[in-house]
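Colleague: This is the structure, below, for whatever I ask next.
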Amino acid sequence: MRLVFAGTPAVALPSLRALIDSPRHEVVAVVTRPDRPAGRGRKIKPPPVHLLADEAGIPVLSPERPRDPDFLAALTDLAPDCCPVVAYGALLPREALAIPRHGWVNLHFSLLPAYRGAAPVQRTVLAGDDLTGASVFQIEPAMDSGPVFGVVTERVRPTDTSGDLLDRLADSGAHLLAAVMDGIDDGTLQAVPQPAEGVSFAPKLTAQDALIDWTLPAVAVDRLTRAAAPAPGAWTVFRDRRIKIGPVRLGAQNVPDELAPGRLVALADGAVAVGTGTAPVLLDEVRPEGRGPMKAADWARGARLTDDDLLHAPAERVSAAGSPAGAGGAP
(Lines of atoms letter the chains of each structure in order from A; the text may use other names.)
(Lines give C-alpha, C1' and ligand atoms only; values in the text may rest on other atoms or scores of the structure.)
Protein backbone atom coordinates (compact mmCIF):
# COMPACT_ATOMS: atom_id res chain seq x y z
CA MET A 1 0.00 0.00 0.00
CA ARG A 2 0.92 3.63 -0.41
CA LEU A 3 1.30 4.96 3.13
CA VAL A 4 1.55 8.47 4.54
CA PHE A 5 2.91 8.12 8.08
CA ALA A 6 2.04 10.69 10.74
CA GLY A 7 4.12 11.00 13.91
CA THR A 8 6.41 13.37 15.76
CA PRO A 9 8.46 12.20 18.82
CA ALA A 10 11.00 9.42 19.25
CA VAL A 11 8.34 6.94 20.37
CA ALA A 12 7.09 6.89 16.76
CA LEU A 13 10.46 5.91 15.28
CA PRO A 14 10.18 2.10 15.67
CA SER A 15 6.88 2.14 13.78
CA LEU A 16 8.21 4.33 10.99
CA ARG A 17 11.29 2.13 10.63
CA ALA A 18 9.13 -1.01 10.49
CA LEU A 19 6.99 0.43 7.70
CA ILE A 20 9.98 1.74 5.75
CA ASP A 21 11.53 -1.74 5.93
CA SER A 22 8.33 -3.53 4.91
CA PRO A 23 8.52 -5.02 1.39
CA ARG A 24 4.74 -4.78 1.07
CA HIS A 25 4.32 -1.05 1.60
CA GLU A 26 5.77 2.25 0.42
CA VAL A 27 5.96 5.24 2.74
CA VAL A 28 5.41 8.01 0.21
CA ALA A 29 5.43 10.88 2.73
CA VAL A 30 5.63 11.68 6.42
CA VAL A 31 3.45 14.17 8.28
CA THR A 32 4.93 15.64 11.45
CA ARG A 33 4.60 18.69 13.66
CA PRO A 34 6.57 21.82 12.70
CA ASP A 35 10.09 22.40 13.99
CA ARG A 36 10.10 23.79 17.54
CA PRO A 37 12.68 25.13 20.01
CA ALA A 38 14.23 22.25 21.95
CA GLY A 39 16.94 21.63 24.52
CA ARG A 40 18.51 23.99 27.04
CA GLY A 41 19.59 26.36 24.27
CA ARG A 42 16.03 26.47 22.87
CA LYS A 43 17.35 26.09 19.33
CA ILE A 44 14.90 25.31 16.54
CA LYS A 45 15.14 21.59 15.79
CA PRO A 46 13.17 19.18 13.61
CA PRO A 47 11.34 16.46 15.55
CA PRO A 48 12.80 12.92 15.53
CA VAL A 49 10.35 11.63 12.90
CA HIS A 50 11.32 14.45 10.55
CA LEU A 51 15.01 13.56 10.93
CA LEU A 52 14.41 9.87 10.17
CA ALA A 53 12.32 10.75 7.13
CA ASP A 54 15.14 12.96 5.84
CA GLU A 55 17.62 10.11 6.32
CA ALA A 56 15.36 7.79 4.35
CA GLY A 57 14.74 10.32 1.59
CA ILE A 58 11.01 10.55 2.31
CA PRO A 59 9.18 13.85 1.69
CA VAL A 60 7.96 15.61 4.84
CA LEU A 61 4.81 17.66 5.38
CA SER A 62 4.77 19.87 8.51
CA PRO A 63 1.51 21.83 8.55
CA GLU A 64 0.83 24.23 11.40
CA ARG A 65 -2.73 22.93 11.29
CA PRO A 66 -3.86 19.70 9.60
CA ARG A 67 -6.92 21.52 8.25
CA ASP A 68 -4.81 23.96 6.20
CA PRO A 69 -6.01 23.83 2.56
CA ASP A 70 -2.47 23.48 1.20
CA PHE A 71 -1.86 20.43 3.39
CA LEU A 72 -5.17 18.81 2.43
CA ALA A 73 -4.39 19.38 -1.25
CA ALA A 74 -0.90 17.88 -0.89
CA LEU A 75 -2.31 14.86 0.94
CA THR A 76 -4.91 14.36 -1.78
CA ASP A 77 -2.22 14.48 -4.47
CA LEU A 78 -0.26 11.76 -2.65
CA ALA A 79 -3.26 9.40 -3.01
CA PRO A 80 -2.46 7.30 0.08
CA ASP A 81 -4.16 3.97 0.60
CA CYS A 82 -3.80 4.33 4.38
CA CYS A 83 -2.30 6.75 6.90
CA PRO A 84 -0.78 5.07 9.98
CA VAL A 85 -0.37 7.37 13.00
CA VAL A 86 1.85 7.20 16.09
CA ALA A 87 1.91 10.17 18.50
CA TYR A 88 1.36 12.79 15.82
CA GLY A 89 0.28 15.43 18.33
CA ALA A 90 -2.62 17.19 16.59
CA LEU A 91 -6.28 16.45 15.95
CA LEU A 92 -7.12 15.43 12.41
CA PRO A 93 -10.13 17.12 10.77
CA ARG A 94 -12.85 15.18 8.99
CA GLU A 95 -11.57 16.49 5.66
CA ALA A 96 -8.22 14.77 6.24
CA LEU A 97 -9.79 11.57 7.59
CA ALA A 98 -11.74 11.13 4.35
CA ILE A 99 -8.75 11.23 2.00
CA PRO A 100 -7.02 7.81 2.38
CA ARG A 101 -8.87 4.83 0.90
CA HIS A 102 -8.52 2.89 4.18
CA GLY A 103 -8.60 5.91 6.47
CA TRP A 104 -6.20 6.73 9.28
CA VAL A 105 -5.06 3.98 11.65
CA ASN A 106 -3.59 4.86 15.05
CA LEU A 107 -1.23 3.02 17.41
CA HIS A 108 -2.31 3.82 20.98
CA PHE A 109 -0.37 2.71 24.04
CA SER A 110 -3.13 1.11 26.11
CA LEU A 111 -5.61 -1.73 25.88
CA LEU A 112 -8.59 0.22 24.59
CA PRO A 113 -11.14 1.25 25.71
CA ALA A 114 -9.02 1.82 28.84
CA TYR A 115 -6.96 5.02 29.06
CA ARG A 116 -8.15 6.94 26.05
CA GLY A 117 -6.26 10.21 25.79
CA ALA A 118 -2.84 11.82 25.86
CA ALA A 119 -1.03 9.96 28.67
CA PRO A 120 -2.04 6.28 28.79
CA VAL A 121 1.36 4.98 29.88
CA GLN A 122 1.79 7.51 32.69
CA ARG A 123 -1.71 6.82 33.97
CA THR A 124 -1.09 3.07 33.81
CA VAL A 125 2.01 3.37 36.02
CA LEU A 126 0.29 5.83 38.35
CA ALA A 127 -2.64 3.44 38.84
CA GLY A 128 -0.35 0.53 39.67
CA ASP A 129 -1.71 -1.69 36.88
CA ASP A 130 0.23 -4.88 36.25
CA LEU A 131 -0.93 -5.41 32.65
CA THR A 132 -1.15 -3.01 29.74
CA GLY A 133 -0.51 -3.08 26.02
CA ALA A 134 -0.96 -1.31 22.72
CA SER A 135 -3.96 -1.11 20.40
CA VAL A 136 -4.23 -0.29 16.71
CA PHE A 137 -7.57 1.25 15.80
CA GLN A 138 -9.39 3.15 13.07
CA ILE A 139 -9.42 6.87 13.79
CA GLU A 140 -12.86 8.46 14.10
CA PRO A 141 -13.79 12.03 15.07
CA ALA A 142 -14.36 11.05 18.74
CA MET A 143 -11.12 10.63 20.72
CA ASP A 144 -9.62 7.11 20.62
CA SER A 145 -13.06 5.55 20.16
CA GLY A 146 -12.75 3.81 16.79
CA PRO A 147 -12.91 0.06 16.13
CA VAL A 148 -9.79 -1.94 16.97
CA PHE A 149 -7.77 -4.01 14.49
CA GLY A 150 -5.51 -5.69 17.02
CA VAL A 151 -3.77 -5.50 20.39
CA VAL A 152 -0.54 -6.64 22.00
CA THR A 153 -0.15 -7.04 25.76
CA GLU A 154 2.76 -6.10 28.01
CA ARG A 155 3.44 -6.79 31.68
CA VAL A 156 4.20 -3.76 33.84
CA ARG A 157 7.32 -4.39 35.93
CA PRO A 158 7.42 -3.19 39.56
CA THR A 159 10.27 -0.77 38.83
CA ASP A 160 9.04 0.49 35.44
CA THR A 161 9.07 4.20 34.81
CA SER A 162 6.78 5.60 32.14
CA GLY A 163 9.83 5.88 29.91
CA ASP A 164 10.80 2.23 30.40
CA LEU A 165 7.31 0.98 29.65
CA LEU A 166 6.79 3.28 26.68
CA ASP A 167 10.04 2.10 25.08
CA ARG A 168 8.87 -1.52 25.20
CA LEU A 169 5.40 -0.66 23.93
CA ALA A 170 6.87 1.39 21.08
CA ASP A 171 8.81 -1.68 19.91
CA SER A 172 6.02 -4.24 20.28
CA GLY A 173 3.48 -1.76 18.92
CA ALA A 174 5.59 -1.23 15.80
CA HIS A 175 5.35 -4.92 14.94
CA LEU A 176 1.60 -4.82 15.58
CA LEU A 177 1.11 -1.77 13.36
CA ALA A 178 3.06 -3.35 10.50
CA ALA A 179 0.99 -6.54 10.81
CA VAL A 180 -2.22 -4.52 10.76
CA MET A 181 -1.10 -2.75 7.58
CA ASP A 182 -0.54 -6.18 6.01
CA GLY A 183 -3.98 -7.37 7.09
CA ILE A 184 -5.70 -4.28 5.75
CA ASP A 185 -3.80 -4.64 2.48
CA ASP A 186 -4.81 -8.24 1.84
CA GLY A 187 -8.34 -7.85 3.22
CA THR A 188 -7.97 -10.45 5.97
CA LEU A 189 -8.35 -8.06 8.91
CA GLN A 190 -11.53 -6.36 10.09
CA ALA A 191 -11.73 -3.87 12.94
CA VAL A 192 -13.96 -4.72 15.92
CA PRO A 193 -15.95 -2.02 17.79
CA GLN A 194 -14.66 -1.15 21.24
CA PRO A 195 -16.81 -2.44 24.12
CA ALA A 196 -19.00 0.05 25.95
CA GLU A 197 -17.71 -1.23 29.28
CA GLY A 198 -14.28 -0.41 30.69
CA VAL A 199 -13.91 3.05 29.17
CA SER A 200 -11.46 5.29 31.05
CA PHE A 201 -9.46 8.38 30.19
CA ALA A 202 -5.81 9.40 30.50
CA PRO A 203 -5.38 13.18 30.56
CA LYS A 204 -1.91 14.65 30.31
CA LEU A 205 0.12 14.45 33.52
CA THR A 206 0.78 18.08 34.45
CA ALA A 207 3.47 19.57 36.66
CA GLN A 208 0.84 20.09 39.34
CA ASP A 209 -0.12 16.41 39.11
CA ALA A 210 3.56 15.55 39.64
CA LEU A 211 3.83 17.44 42.94
CA ILE A 212 4.57 14.85 45.64
CA ASP A 213 2.24 14.67 48.63
CA TRP A 214 4.46 13.06 51.26
CA THR A 215 1.45 12.26 53.47
CA LEU A 216 0.32 9.65 50.94
CA PRO A 217 1.29 5.99 51.41
CA ALA A 218 4.78 4.99 50.30
CA VAL A 219 3.39 2.93 47.41
CA ALA A 220 1.57 5.99 46.04
CA VAL A 221 4.75 8.10 46.22
CA ASP A 222 6.65 5.32 44.46
CA ARG A 223 4.08 5.15 41.65
CA LEU A 224 4.04 8.90 41.15
CA THR A 225 7.82 9.21 40.91
CA ARG A 226 7.89 6.41 38.33
CA ALA A 227 4.86 7.67 36.39
CA ALA A 228 6.37 11.16 36.11
CA ALA A 229 9.74 9.88 34.85
CA PRO A 230 11.19 11.10 32.58
CA ALA A 231 8.59 13.88 32.20
CA PRO A 232 7.26 16.04 33.71
CA GLY A 233 9.30 14.82 36.69
CA ALA A 234 7.99 14.40 40.23
CA TRP A 235 8.92 17.34 42.42
CA THR A 236 8.76 18.87 45.85
CA VAL A 237 10.20 21.86 47.72
CA PHE A 238 13.38 21.91 49.82
CA ARG A 239 14.51 25.09 51.56
CA ASP A 240 12.13 27.19 49.46
CA ARG A 241 13.37 25.85 46.12
CA ARG A 242 11.97 23.21 43.83
CA ILE A 243 13.75 19.90 43.57
CA LYS A 244 12.86 17.06 41.22
CA ILE A 245 12.79 13.56 42.66
CA GLY A 246 13.66 10.52 40.57
CA PRO A 247 12.00 7.14 41.10
CA VAL A 248 12.16 6.20 44.78
CA ARG A 249 12.72 2.77 46.29
CA LEU A 250 10.49 0.99 48.76
CA GLY A 251 11.66 -1.15 51.66
CA ALA A 252 13.97 1.27 53.47
CA GLN A 253 15.87 -0.46 56.30
CA ASN A 254 17.37 0.89 59.54
CA VAL A 255 15.32 4.09 59.40
CA PRO A 256 14.29 5.86 62.62
CA ASP A 257 10.81 4.90 63.79
CA GLU A 258 7.92 7.20 62.91
CA LEU A 259 9.79 9.35 60.41
CA ALA A 260 7.26 12.11 59.70
CA PRO A 261 6.02 12.69 56.13
CA GLY A 262 8.60 14.70 54.20
CA ARG A 263 11.27 14.39 56.90
CA LEU A 264 14.74 13.54 55.59
CA VAL A 265 17.42 11.40 57.15
CA ALA A 266 20.85 10.43 55.82
CA LEU A 267 21.56 6.81 56.73
CA ALA A 268 24.87 5.32 57.75
CA ASP A 269 25.31 3.60 54.37
CA GLY A 270 24.92 6.94 52.57
CA ALA A 271 21.33 6.39 51.48
CA VAL A 272 18.72 9.12 51.97
CA ALA A 273 15.31 8.22 53.39
CA VAL A 274 12.14 10.32 53.38
CA GLY A 275 9.06 9.79 55.51
CA THR A 276 5.66 9.22 53.90
CA GLY A 277 2.19 8.55 55.22
CA THR A 278 3.17 4.91 55.84
CA ALA A 279 6.75 3.69 55.48
CA PRO A 280 9.88 5.65 54.49
CA VAL A 281 11.17 5.56 50.92
CA LEU A 282 14.73 5.87 49.63
CA LEU A 283 15.88 8.56 47.22
CA ASP A 284 18.22 7.54 44.41
CA GLU A 285 18.47 10.61 42.20
CA VAL A 286 17.45 14.24 42.60
CA ARG A 287 17.67 17.35 40.46
CA PRO A 288 17.88 20.61 42.40
CA GLU A 289 16.48 23.70 40.72
CA GLY A 290 18.93 25.08 38.18
CA ARG A 291 21.21 22.03 38.30
CA GLY A 292 21.56 18.68 36.60
CA PRO A 293 20.63 15.25 37.98
CA MET A 294 22.78 13.97 40.84
CA LYS A 295 22.91 11.08 43.27
CA ALA A 296 20.78 11.68 46.33
CA ALA A 297 23.67 10.80 48.65
CA ASP A 298 25.91 13.44 47.04
CA TRP A 299 23.14 16.02 47.23
CA ALA A 300 22.49 15.27 50.91
CA ARG A 301 26.17 15.62 51.80
CA GLY A 302 26.36 18.96 50.05
CA ALA A 303 23.12 20.19 51.62
CA ARG A 304 24.25 19.24 55.15
CA LEU A 305 20.81 18.09 56.24
CA THR A 306 19.51 19.19 59.63
CA ASP A 307 16.70 17.90 61.83
CA ASP A 308 14.52 20.79 60.65
CA ASP A 309 14.79 20.00 56.94
CA LEU A 310 11.59 18.91 55.23
CA LEU A 311 10.38 18.14 51.72
CA HIS A 312 7.00 19.78 51.25
CA ALA A 313 4.55 21.51 48.92
CA PRO A 314 5.08 25.15 47.90
CA ALA A 315 4.34 27.84 50.51
CA GLU A 316 3.89 25.26 53.26
CA ARG A 317 5.58 26.37 56.47
CA VAL A 318 6.42 23.74 59.06
CA SER A 319 6.70 24.11 62.80
CA ALA A 320 9.48 22.57 64.84
CA ALA A 321 7.02 19.90 65.99
CA GLY A 322 6.70 18.67 62.43
CA SER A 323 3.19 19.90 61.59
CA PRO A 324 2.31 22.68 59.14
CA ALA A 325 2.55 26.01 60.93
CA GLY A 326 -0.80 27.08 62.27
CA ALA A 327 -2.45 23.69 61.73
CA GLY A 328 -5.20 23.12 64.25
CA GLY A 329 -4.50 26.34 66.14
CA ALA A 330 -5.84 29.85 66.33
CA PRO A 331 -4.46 32.41 63.88
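Every residue gets a Cβ built from N, Cα and C, even glycine.
According to Swiss-Prot:
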type    : residues               : note
BINDING : S110, L111, L112, P113 : (6S)-5,6,7,8-tetrahydrofolate binding site
REGION  : 312-331                : region 'Disordered'
Colleague: What same-chain residues, at least 6 away in sequence, bring their CB to under 8 Å of the CB of S110 ((6S)-5,6,7,8-tetrahydrofolate binding site)?
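Modeller: Correct list: R116, P120, V121, T124, T132, G133, A134, S135, A202.
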Colleague: Using DSSP, would you call P113 ((6S)-5,6,7,8-tetrahydrofolate binding site) helix, strand or coil?
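Modeller: Going by the DSSP assignment, P113 ((6S)-5,6,7,8-tetrahydrofolate binding site) belongs to neither helix nor strand, so it counts as coil.
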Colleague: I want to check the contact list for P113 ((6S)-5,6,7,8-tetrahydrofolate binding site): same chain, sequence separation of six or more, C-beta distance under 8 angstroms. What comes out?
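Modeller: Result: D144, S145, Q194, P195, E197, G198, V199, S200.
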Colleague: With the cut-off set at 10 Å between Cβ atoms, which of these binding-site residues ends up with the most neighbours? Options: L111, L112.
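Modeller: Per the Cβ count, the most surrounded site is L112.
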Colleague: To test your reading of the (6S)-5,6,7,8-tetrahydrofolate site: which residues beyond S110, L111, L112, P113, same chain only, put their Cβ within 8 Å of the Cβ centroid of those residues?
Modeller: H108, A114, Y115, R116, P120, G133, S135, D144, V148, V151, Q194, G198
